[in-house]
Amino acid sequence: MSIKINGTGASNGIAVAKVYILDEQPIVIPDNKASDIEAELANVNASIEKAKTDLENLQVIAREKLGEEKAAIFEAHASILQDPAMAEEFTALIKDNNYNGAKAISEVANKYIEMFGAMDDDYFKERAADVKDVTERLIRYVLKLPVADLATISEEVIIVAEDLTPSQTAQLNPKFAKGFACNVGGRTSHAAIMARSLEIPAVLGLKTILSSVKENDVLAIDGATGEVEINPENKDVWNKKAEEFKAEKALLEEFRNKSTVTKDGYDKFILEGNIGSPKDVAGVLENGGEGVGLFRSEFLYMDNDHFPTEEEQFAAYKQVVQDMGGKLTVIRTLDIGGDKKLSYFAFPEEMNPFLGYRAIRFTMDRKDIFKDQIRALLRASAFGPVGIMFPMIATVDEFKAAKQFTLDCKAELEKEGVAVGADLEIGMMVEIPAAAVNAENFAKHADFFSVGTNDLIQYTMAADRMSENVSYLYQPYNPSILRLLKMTIDGAHKHGKWAGMCGEMAGEPDAIPLLMGLGLDAYSMSATSILKARSIMAKLTLAETQELANKALECETTEQVLELVHNLMSTK
Ligand code: PEP
Ligand code: MG
């Protein structure tokens, strides 16, 4: 029987495929004694073999997809499984103390994790994360819990999960992962952002999808409207939707190689792409991107088992800058913390991690780590125009200190005889209301602003961007947000600086007329939104967007603002 559920369309496109249920039940270690020691040992040994086979497979896939270096991670994991000392310890607990297998492994693993984790050495801290990863897989097998490996999927599926972490999303191969549908999340969650850069449809915030599907069900998803149908009754309806999606894409084709010009000939707006890795540059260029407005450098850190070295980072940044062929590349410094964690670094536990030790607050506190990144960025700037952008800036002093640190690193490089680009710009994200309100003062020091609406909205409305329960407060079109945008853009212009936006709002068709009217200069979005944005700009004159923005700033509610936008666009 077919079941229809509605969620939030998070990445456009239509997909129909078998479900792949990623149901990672939490591990609960049982406390019972082993009743049959031999059977317990046999189960543990069989589980070790299964985990070993997984790791061998993962190694082969990682070698093909990600290169030799990443594949070595799985080799290291396999060697943990083969470590005789550890195996001896948990076997002894089972034999001598009647421990059940899961408890024995967990106790020994925890001892090693604590021991490595406490060492003041990054190498050993990484080993702690490795032991945790491997032994969790092993315990899942011992307890007969499902073990998911997204990288090993080798047939066309739609992934159904509670949530997908950024690193899980990064494992997906778009050839087989045709889309995903999750219980939680919205348009600005990182799973959504990754889906758009992989160009696969996604519907999030479905709340009950995981409990509604079962093995072998077929799922149809519409990543624009958020509609999902389990075991679709009428496949023709979905085929028609897929064709319509294709037709709309074809219509936008004519904008691929056109420049960005408004109906009345204004040609200074710039449409750029957001990327998470050097391989995303191709999508930006294919979609007619005029620059990279946001390179989220944290993916270099998250998709890794150690803090990337200066050389590793330099190679990645240089590649992006070179591939962009003279177009501006804005690279954001490490924005970690909040929902973005590192497997090899333990952040302090905090009540409100989104308001805590993250992004610039972390990097300026750990200049040893920050320096590698800044040096790599400065070196890459010798290969083309680069903007270095600091995330989560709240105070002018914070920006000035980060800028000074960058200039000190630059002086150091120059003293070493290392080239640094002449076109370097140093700017900041405006994603904390304090920065928007005080934009005029920041603009005296920053070369540019880029508004991070994903965070700016959550902090302004005090509404967690990941929470389904308060998603009604996530209102990009609320006049309070528009007023903050106006202050930011006017503040930049007053001091001759440019203002961009790299939050998801920049690519929203309803937002573009308003942003044009407010005078936003650069619009950075998922590569797949660029052509649509260009087509919208081509339909509008500056004067009519300015009139729209002025009226919108006087509105009381989101609904009133959207009505103004829809009224204008319905005449186009
Ligand atoms: C933002 O906050 O709008 C932004 C672009 O940064 P992120 O989504 O990575 O937090
Ligand atoms: Mg942000």
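Placed from the backbone N, Cα and C atoms, the Cβ positions cover glycine too.
Ranges compared are 34-68, 209-243, 279-313, 524-558, and TrEMBL records coiled coil for 34-68. Listed recorded positions: R296, R332, D455, R465, C502. Those with a CB atom under 6 Å from ligand 2: D455. Look at N454 (phosphoenolpyruvate binding site): DSSP puts it in a helix. With DSSP states grouped into helix (H, G, I), strand (E, B) and coil, the domain 'Phosphotransferase system enzyme I N-terminal' (6-127) comes out at 82 helix, 16 strand, 24 coil. Ranked by CA distance from E431 (Mg(2+) binding site), the recorded positions R296, R332, R465, C502 have C502 at the top as the closest. Under DSSP, the residues of the domain 'PEP-utilising enzyme mobile' (154-226) split into helix, strand and coil as follows: 19 helix, 19 strand, 35 coil.
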